[in-house]
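Worksheet: the structure to be examined is printed underneath.
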Amino acid sequence: MLSMIGYAVGLGNVWRFPYLAYKHGGGAFLIPYVIMLSIAGLPLFFLESSFGQFCSQGPINVWKAVPILQGVGITMMLVSTFVAIYYNVILAYSIYYLFASFQYPLPWSNCSGWSEFPLLKSPLLHQPPEFSKTESGPPLEAKNSCEKQPDTPVFKINILGLTGPVVWHLALCLLLGWIMIGAALFKGIKSSGKVVYFTATFPYAVLLILLIRGVTLEGARNGIEYYIGTQSNLTKLSEAEVWKDAATQIFFSLSIAWGGLTALASYNKFHNNCYKDSIIVCVTNCGTSIFAGFAIFSILGHMAHVYGKPVSEVAQAGFGLAFIAYPDALSKLPISPLWSILFFFMLITLGLDSQFAGIEVITTCLQDAYPKFLKSKRGLITVIICVVLFLLGLPCVTGAGIYWVNLIDTFVAGWILLVAGLLEVFGLSCIYGGNRFIKDIEMMIGNKSAIFWIWWRSCWFFITPFVLLVILGWSVYTFTAPTYGTVEYPEWGIALGWCMTAFCLMWIPIVAVWRIAKASGGLWQRIKSTCVPTEDWGPYLERHRGERYGAKRALCTLNVHIPPLVTRTQRTRVSFF
């Protein structure tokens with residue numbers, strides 16, 4: 001459960017949710033946020049974790065339940081692979097900032113410090129350079145923002161170019177990140193399961209420390225009031241964008257449809273109460289987002305007070321918050337290196353947890369595909385994966401590294417996940433059978449009353465698919481070419497992004513066509529046969545299969561014939577009768 005909490009609670013809880021809360025009416029944003037958690041986040045989380053626990057398989061092999069959709073599992077694995085490449089780059093940024101924090105004063109506490117800070121050679125934090133031009137137009141030189149506005153807090157660094165060699169200090173930090181991940185996962189869940197006792201709990205200690213320190217600072221009240229709203233703006237609830245942002249934040253914050261939940265749940269004991277775990281993890285995840293907002297905005301409020309500016313001018317999201325605004329705010333505190341060290345160490349632990357599950361998806365899929373050959377080579381597989389992904393991540397630590405990170409994040413970790421999630425809930429509720437899936441869950445957690453399942457049936461059959469369809473349609477309709485700051489990507493960059501999207505999604509139709517072509521009979525018979533679970537689908541261990549098919553075997557002993565082509569639910573009914 002700690003692994004799932006660590007996987008679900010990531011950087012987005014710290015650097016995105018607080019920004020969305022103040023942007024959409026402060027405390028009023030909690031209303032759509034909790035509603036979307038109830039009708040979309042929790043049902044999908046419960047569904048996906050139950051799915052993996054029932055058959056003890058990774059995100060590809062679980063689709064033996066619905067073979068025609070096995071490509072969805074491949075899509076999930078590819079998305080996790082792409083995300084693991086750039087997510088570890090963010091981890092490398094945090095590692096570098098952690099090392100830079102072991103000095104006083106902090107190197108980003110003034111303009112001269114920024115100019116000497118080695119990250120200047122990498123556009124980790126930047127705005128496009130402001131060029132002075134001649135009458136004919138060509139740029140002559142880039143002006144430093146510190147020279148132009150010496151009294152303005154230094155949040156940004158000018159970019160030195162869109163291309164360049166690998167920045168060696170960031171590459172070394174990237175290597176260190178992969179070494180930590182490889183060491184933690186070398187023995188699989190046995191080793192990472194021990195590491196998460198620290199990495200999943202330490203961020204809460206840091207957030208509590210930062211909150212206690214933050215609320216004692218002058219101006220903290222302004223920041224907190226800005227976060228929750230002195231009077232929540234309920235009129236914001238009439239805006240469609242508020243609901244879309246709430247649903248999107250819930251969906252991505254809980255790491256649904258990445259494959260990680262299925263992979264982690266596959267290591268659960270068969271009779272583990274996955275329902276209780278799902279409730280705990282989802283509530284913890286959302287509570288962390290709300291709690292982190294107080295810790296973040298109390299200190300941002302102090303920084304706004306120091307500079308004599310409104311909180312809105314210092315509040316940012318994403319990279320702007322984690323690597324610009326908040327570090328600058330920490331540099332204004334007494335004993336600033338201590339707070340900076342704690343903050344970036346917290347970011348590292350948040351990133352490690354998410355990476356553990358992401359790599360677990362890849363290794364689990366490989367071992368499930370080749371169990372006889374790879375089951376005993378867990379350590380070697382982990383090392384090879386870490387080395388390959390480190391090499392693939394090197395372009396993300398070049399002079400144009402941040403552009404690669406933003407490009408992959410936009411085209412891979414976006415609405416592809418909505419497609420995968422929609423197909424997942426459709427495949428299990430409509431093709432596999434929602435009632436059959438409920439029986440599988442009851443086999444693990446015990447029988448529940450019909451009233452208990454009314455809500456989950458409503459979500460899996462109607463509400464959740466509808467919400468996902470609306471979010472997906474809205475995302476496609478409002479899609480615009482990505483930018484970083486005011487820098488627009490070239491056409492070849494946009495084309496490359498769409499190629500990554502196509503590469504992840506194309507396996508869904510390819511595998512479906514392959515499965516149909518491999519089946520026998522007419523076209524309709526082939527399609528029907530690929531929508532029926534394979535013969536080896538079900539609980540992984542024989543003793544658990546016995547719990548499901550025990551009655552059937554007893555009847556078979558009495559020479560009672562059960563037609564081999566009836567569904568598993570029908571077999572259960574015949575056996576029970």
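Using N, Cα and C of the backbone, Cβ positions are placed for all residues, glycine too.
What TrEMBL records for G6, A8, V9, N13, S253, N285, L350, D353, S354 is Na(+) binding site. All protein chains considered, the CB of V9 (Na(+) binding site) has 27 other CB atoms within 10 Å.
Per TrEMBL, transmembrane segment is recorded for 27-47 (among others).
Taken from TrEMBL, the feature transmembrane segment applies to 68-99 (among others).
The annotation transmembrane segment is assigned in TrEMBL to 166-186 (among others). Sequence-distant contacts of the transmembrane segment (166-186) (same chain, at least 6 residues past either end, Cβ-Cβ under 8 Å): 88-89, 91-93, 95-96, 99, 118-119, 121-122, 124, 192, 195, 351-352, 355-356, 359-360, 363, 378-379, 382-383, 386-387, 389-390, 393-394, 396-399, 401.
Sequence annotations record features per position, and here TrEMBL assigns transmembrane segment to 195-212 (among others). Within its own chain, the transmembrane segment (195-212) has Cβ neighbours under 8 Å at 2-3, 5-6, 9, 184, 288, 291-292, 294-296, 298-299, 339, 342-343, 345-346, 349-350, 352-353, 356, counting only residues six or more beyond its boundaries.
Sequence annotations record features per position, and here TrEMBL assigns transmembrane segment to 246-267 (among others).
If one looks beyond the transmembrane segment (279-300) by at least 6 residues along the same chain, the residues whose Cβ comes under 8 Å of a Cβ in the stretch are 1, 4-5, 8-9, 13-15, 17-18, 21-22, 30, 33-34, 37, 41-42, 45, 203-204, 207-208, 210-211, 213-215, 217, 220, 223-224, 226-228, 249-250, 253-254, 311, 314-315, 321, 325-326, 329-330, 333. Annotation source TrEMBL lists transmembrane segment at 279-300 (among others).
The transmembrane segment annotation in TrEMBL covers 338-359 (among others). Using a Cβ-Cβ cut-off under 8 Å and counting only residues 6 or more beyond its ends in the same chain, the transmembrane segment (338-359) has close neighbours at 3-7, 9-11, 13-14, 80-81, 83-84, 87-88, 90-91, 94-95, 97-98, 101-102, 106, 177, 180-181, 184-185, 192, 195-196, 198-200, 202-203, 206-207, 209-210, 213, 255, 258, 260-261, 263-264, 322, 326-327, 330-331, 382, 385-386.
Among the features that TrEMBL reports, transmembrane segment is placed at 380-405 (among others).
Non-local neighbours of the transmembrane segment (411-433) in the same chain are 43-44, 47-48, 51, 63, 65-66, 68-69, 72, 75-76, 79, 82-83, 251-252, 256-258, 460-461, 464-465, 468-469, 471-472, 475-476, 479, 482, 497-498, 500-501, 504-505, 508, 531, 533, 567, 569; each lies 6+ residues outside the stretch with a CB under 8 Å from one of its CB atoms. The transmembrane segment annotation in TrEMBL covers 411-433 (among others).
Residues annotated as transmembrane segment in TrEMBL: 454-474 (among others). With a cut-off of 8 Å between Cβ atoms, the residues of this chain six or more beyond the transmembrane segment (454-474) that come close are 36, 39-40, 43-44, 46-47, 240, 244, 247-248, 251, 415, 418-419, 421-422, 425-426, 428-430, 434, 437-438.
According to TrEMBL, the feature transmembrane segment maps to 494-517 (among others). Remote same-chain residues near the transmembrane segment (494-517) are listed as 67-72, 74-75, 78-79, 82, 407-408, 410-412, 416, 419, 423, 481-482, 523, 526-527, 530 (criterion: CB distance under 8 Å, separation of at least six residues from the stretch ends).
Looking at 27-47, 68-99, 246-267, the range that has the most CB pairs within less than 8 A of the transmembrane segment (380-405) turns out to be 68-99.
Taking the binding-site residues S253, S354 in turn and counting surrounding C-beta atoms within 10 angstroms, the largest count is reached at S354.
Taking Cβ-Cβ distances under 8 Å and a sequence gap of 6 or more within the same chain, the neighbours of L350 (Na(+) binding site) are V9, G10, L11, N13, V14, P203.
Long-range Cβ contacts of the transmembrane segment (68-99) within its own chain (Cβ-Cβ under 8 Å, at least 6 residues beyond either end) map to 11, 58-62, 119, 124, 169-170, 173-174, 176-178, 181, 257-260, 262, 322-323, 327, 340-341, 344-345, 347-348, 351-352, 354-355, 358-359, 361-362, 365, 389-390, 392-393, 396-397, 401, 404-405, 408-409, 412-413, 416-417, 419-420, 423-424, 427, 431, 500, 503-505, 507-512, 515-516, 527, 530-531. Cβ neighbour count for G6 (Na(+) binding site): 28 (other Cβ atoms within 10 Å of its Cβ, all protein chains included).
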